[in-house]
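Noted in TrEMBL for the protein shown:
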DOMAIN    25-387  domain 'ABC-2 type transporter transmembrane'
TRANSMEM  27-50  transmembrane segment
TRANSMEM  239-265  transmembrane segment
TRANSMEM  286-309  transmembrane segment
TRANSMEM  321-338  transmembrane segment
TRANSMEM  369-387  transmembrane segment
TRANSMEM  425-445  transmembrane segment
TRANSMEM  457-476  transmembrane segment
TRANSMEM  497-520  transmembrane segment
TRANSMEM  540-566  transmembrane segment
DOMAIN    541-629  domain 'CAAX prenyl protease 2/Lysostaphin resistance protein A-like'
TRANSMEM  578-597  transmembrane segment
TRANSMEM  617-639  transmembrane segment
TRANSMEM  651-671  transmembrane segment
Amino acid sequence: MIGFSWSQVFLVWRKELLDIIRDRRTIMAMIIVPLLVYPILIIGVSQVGIRQVEKIRARMGTVAIIPENMTSELGRVISADSTLQVLHIEDAEEALQDGSVDALLLVPNDFEEKLHDQQSMYLTLRADMSNDQGREVLERVQGILVDWRKEIVVERLEEEGVPPDLAEPFLISSENSAGARKMGGSLMGQILPVLLVVMMMTGALYPAIDVTAGERERGTLETLLVSPSSRFALVLGKYLTVFTASMVTTLANLISMAFTVFYLLGSAKVAGADGLGISGLMDWRAFFAVLALMIPMALFFCALAMLVASFARSYKEAQNYLSPLLIACLTPTYLGLLPGFEINYNISLIPVANVVLLAREFFLGNYPWNYFMVSAATLSGFAIIMLHQTAELFSQESVLGGASSGGKISWRALIRKEATARKEVLQLSQIGPVFAMVLLGFFYIGSPLQLQNVRLGLVITQILVIAGIPILALRMMRIDVVETLRLQNPGFAKPAFALLIWPAATLLAALAASLQGLVIEVPESYRAMMERLVASEMNGNILVAVLIFAVVPGICEEILFRGFVLRGLLGRMKPAQAIFWTAVVFGAFHFDIYRFVPTTVLGLILGWVTYKTGRLWPAMVIHIANNAFAVIASNLSSYSGLEWLRDGGDVPLGVILGVIAISGFGVYGLLRASAAPKPTPATDPPV
């Protein structure tokens, strides 16, 4: 950890906080707006909603009965309700479609005869359920018909001299054991955690942008960097500023929401309703427990926002980075809305999801402090890692760069070879938008194609989207494709030794999958689905399967990840960090939670090989060999003695020892082949 003094940290924190306080727009956004928006929205919307519901209930509903000559008895029963009117319309179906009538009641032609003969029959109610008025009228008519049916049953039983209770030997009533407080906590546990995440993120976004990209754009960052304070003290002081702003914004939102709810409950009491008061609706211990949970949550979000904003060279660019980040952070919050998800030790390790489920437990009156401690440690640990990474970025000279638009795009470069191509390092400002285009192409082009034809769609997606878009972007930015993607001739030794490393890479990925299975158990439905996919797509001509599922992805995915993404991250990160984050993105790109860890482990090995060799071809060899092994293993696993290829466990000891020996030799050879040649000692010229 970089040395610093707390006096320097608090000096930076005080300076940044004063800048925020002096900015009236920031104060308005942080405090004034939250205090005003909830009373206006909640009270205003609730009053308008109540008014609309009363208006719908008081409105006269219209019902048409088909056929029209069956309206005597039914019309009398329905018209007894003062809020319903029976209309006589020739084309009732068309009237229902154009809204002239709210509901239709379809009855048999011999309705009255069957009713008189005590025969059973079907009545059909039809309404436009997307329309509030139609839905309300249907419910009214249905209630009237149910009551009338009960009256008819009672009359028939009395005519036969049978007690009405004989038709109903017992009655069923349901009671809610949760109580009003627990029900209120359940409702708030579904809504409030999502709002907390939004509050935290919005409270951290703009201060994080202002203290990083904003200062860089204004040209005031250089003054801070030449001060006696260490880089880490500067980062920590700025981080505390963002944390303070986020907490103040969140508290202002919570106070505004609490007083608004208190006002609504008090209004209900004044109006004569059964008001519980806010203490009857929520346990105050839950409120303070959520406040305690907000601290590690704010630590995480503020560190994440500062880290991402530090990559940006301008305020606008930082906004472009952080807006998708807000959407990504909201995705895990939906776990709190899905049934069956409860907090446990596994979910406690997942940021955002742990906060949502813990807050829901607090509102329900449960206080699992063991999960709270694990979640707090996880969030704080991630915050420390991201804060350290931000300090590393501030220690680089590139942080002094002002606003930059990145590589200029030249459409002419697509069809005409440029005289000179720039040989510069890719920046995050360049790889970010390109990777976003790859994701868009994957979803909107690749996915529909693969749904129609898996093999053809996969080939087109890999070539045109995953590999094509990065190459196209480099051409448009007039950057040397071969140099940037490390596609120079690697010679024979490096790919050959890389092939010897492949068995260890595959075995380590399989081990990682087994370890992940201890935490996240793979459901049987997923296993069955994958087996059906393998059986349908990888049988037949094995060479074609290897070409489609091994060679093409092995080349194209390496161009995107170890070629394009890794090269861009190496310009702003240390090699180990760049390799790690490239592997994480590589694992997440496959959109399969059950394959995330093994795919990430494979990505780590591929990134290390690419960095050590300085060429992309060795990583391609390992990637192709790994995929080809999966294709071939699916065809050989049915043979006796090779069942471990399918199950992934109980690998024979001889196989493990053989892999260690072969891959160990491969690593040794690869390092020797990639070692820089020793400089030749200078010799004096002959006299």
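The backbone N, Cα and C atoms fix where each Cβ goes, and this holds for glycine too.
The stretch in closest packing with the transmembrane segment (27-50), judged by the count of Cβ pairs under 8 Å and taken from 239-265, 286-309, 578-597, is 239-265. Per-residue pLDDT, averaged over the domain 'CAAX prenyl protease 2/Lysostaphin resistance protein A-like' (541-629), rounds to 91. The list of residues near the transmembrane segment (369-387) in space but at least 6 beyond its ends in sequence, with Cβ under 8 angstroms from a Cβ of it, reads 235-236, 239, 289, 292-293, 295-297, 299-300, 302-304, 306-307, 343-345, 348-351, 354-355, 358, 361. DSSP states for the domain 'CAAX prenyl protease 2/Lysostaphin resistance protein A-like' (541-629), grouped as helix (H, G, I), strand (E, B) and coil, give 78 helix, 0 strand, 11 coil. Proximity of distant same-chain residues to the transmembrane segment (239-265), defined by a Cβ-Cβ separation under 8 Å and at least 6 residues beyond the stretch ends, is recorded for 9-10, 12-13, 16-17, 20, 26, 29-31, 34-39, 42-43, 46, 192, 195-196, 199-200, 202-204, 207-208, 211, 275-278, 281, 287, 291, 294-295, 298-299, 301-303, 305-306, 387, 390. Note on the transmembrane segment (457-476): residues 409-411, 413-414, 430, 434, 437-438, 441-442, 445-446, 448-451, 484-485, 548-549, 552-553, 555-557, 559-560, 563-564 of its chain, located 6 or more positions outside it, place their CB under 8 angstroms from a CB of the stretch.
Sequence-distant contacts of the transmembrane segment (321-338), counting only residues of its own chain at least 6 positions beyond either end whose CB sits under 8 Å from a CB of the stretch, comprise 189-190, 193-194, 197-198, 201-202, 205, 208-209, 301, 304-305, 308-309, 311-312, 347, 350-353, 356-357, 359-360, 432, 436.
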